[in-house]
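*Asks:* Take this structure, written in structure tokens, and hold onto it; I'll ask about it next.
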Amino acid sequence: MASIISRTVNQLRNRSVIRSGLPIPQPPLADCLQNRHLPLLGQSLTIYQRCLFSTTPNTTSEKQGNPDPKTSENANSGNSGKSGDSGEGSKSGESSESSNAGKSIRGGPVSWLSFLLLVATGAGIILYYDKEKRQHIQEIFKASKEVKRGPSVGKAAIGGPFNLINHDGKRVTEKDFLGKWTLMYFGFTHCPDICPDELVKLAAAVDKLQKDAGIEIVPLFISVDPERDTIEQVREYVKEFHPKLIGLTGNPDEIRSVARAYRVYYMKTTEEDSDYLVDHSIVMYLMSPEMEFVKFFGKNNDVDSLAEGITKEIKQYKK
């Protein structure tokens, strides 16, 4: 590189000397720099850079199998120093840049085919796992339908001993209901709508079971509002629904104990003018003659479905 620069500087300097008619001295490159020939050196560097840049794309194109004869010829003439004309070097650089600009640029590392394959693979995996999930859910649903109650099946931890007072003022326990099927409901006498609706449904189901299947059921109402549901209040309340309906109440500790045993939730709501409501579970419990939990029935059951469900459980229990 240094020799090319030196030779170019000397040629330019010799031309200027010949034009002036003076003898041609041969100072070294360092003397030229010391004599402030920096403009000539800058021109030479510019020519060299143009020649170098014009040969670089041709080298790449030769490796790729697409040589450019015109560019190669300009590069060779620039490297050998035969063409000292800066105008030709500029044309060579411009033609090389224009030829490179017209070439197509190769695509990125991810092609359309690879992208489509990736999308197809992801969709296939999602569909596969979705199918497996639905199949697993169907198997669980099928297995739950095939499960039958038997000695080996565990029972829910619902029920237990209690000690309360009935609407006649007599102290009773769970042992007083042994030998009979019992249908229990927890509520309170000041309930505006839900408790009356559920007790009407309970009473109708009891009559339907007695009439259609000859099954005798003892209906049982247990208060979750011991502060207001006195013995007299409970007595007047249960008479409005069924003559066989038994009402039970007690002190707060006794009610809390029986509610915990039967997994019943209850809580007072905001008080307004010394009046309040009690939020509680809306469920009926079917208890066996041993006072063991058999099944619960929610608010979504009507009279017919409630009677049919109780009949089914009793028949299955006798088997």
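Cβ coordinates are placed from backbone N, Cα and C, and glycine is handled just like the others.
As the structure is a computational prediction, the values presented were derived from the model and not from experiment.
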*Asks:* According to TrEMBL, Cys191 takes part in a disulfide bond; indicate which of Cys51, Cys195 is its partner.
*Replies:* Cys195
*Asks:* Go through Cys191, Cys195, our binding-site residues, and report the one whose Cβ sees the most other Cβ atoms within 10 Å.
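*Replies:* Within the set of binding-site residues, the most crowded position is Cys195.
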*Asks:* Can you list the residues of the same chain, besides Cys191, Cys195, His280, whose Cβ falls within 8 Å of the Cu cation site's Cβ centroid?
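*Replies:* Neighbours within 8 Å of the Cβ centroid, excluding Cys191, Cys195, His280: Phe186, Gly187, Phe188, Ile194, Glu198, Val224, Val278, Ile282.
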*Asks:* Counting across all protein chains present, how many other Cβ atoms fall within 10 Å of the Cβ of His280 (Cu cation binding site)?
*Replies:* 20
